[in-house]
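Written below as structure tokens is the structure these notes are about.
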Amino acid sequence: MEKDLVKAGKTEESSVKHTMKDLKSLEKSTSKAAKSADKAEHHVAKSQDKELKTAKAVSKATHNHDVARDNLQKADRDLQLKQQHALKLEQELEARKIRVEAAVKSQEIHNQEREEKLANVKAQLAATTSTKV
């Protein structure tokens, strides 16, 4: 019976040691799991920050693209208006050149007619003065 009691004590001690070892192992695993969860939570927070920064960058890039597109359209309209204005001025210049050429020709014709009339008047005057003398 004494042997049985000693054996029961050893068995119980072994069982308690094994249970304590399991408890320490479980505590270690629980600690590791908690650390891992904290690490994952930190990673999620960093990922959320990165996603927010990226979303802001996308928003800013979209805004910059919209501004650039609007500036391009404005520059396009400005170019068209300036080209139309230049074409209108060119047409007006050609029309004025034609009017000036016509005025110059008309002046030349009138000058020639006046010179002919003046020559006729001088010739008549010379003829009347030579007949009087």
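Cβ atoms are placed via backbone N, Cα and C, with glycine included.
What TrEMBL says about this one:
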COILED    72-124  coiled coil
COMPBIAS  1-54  compositional bias 'Basic and acidic residues'
COMPBIAS  63-72  compositional bias 'Basic and acidic residues'
REGION    1-72  region 'Disordered'
Taking DSSP states H, G and I as helix and E and B as strand, how many residues of the compositional bias 'Basic and acidic residues' (1-54) are helix, strand and coil?
53 helix, 0 strand, 1 coil
Determine the mean pLDDT over the coiled coil (72-124), rounding to the nearest whole number.
97
DSSP assigns the residues of the compositional bias 'Basic and acidic residues' (63-72) as 10 helix, 0 strand, 0 coil
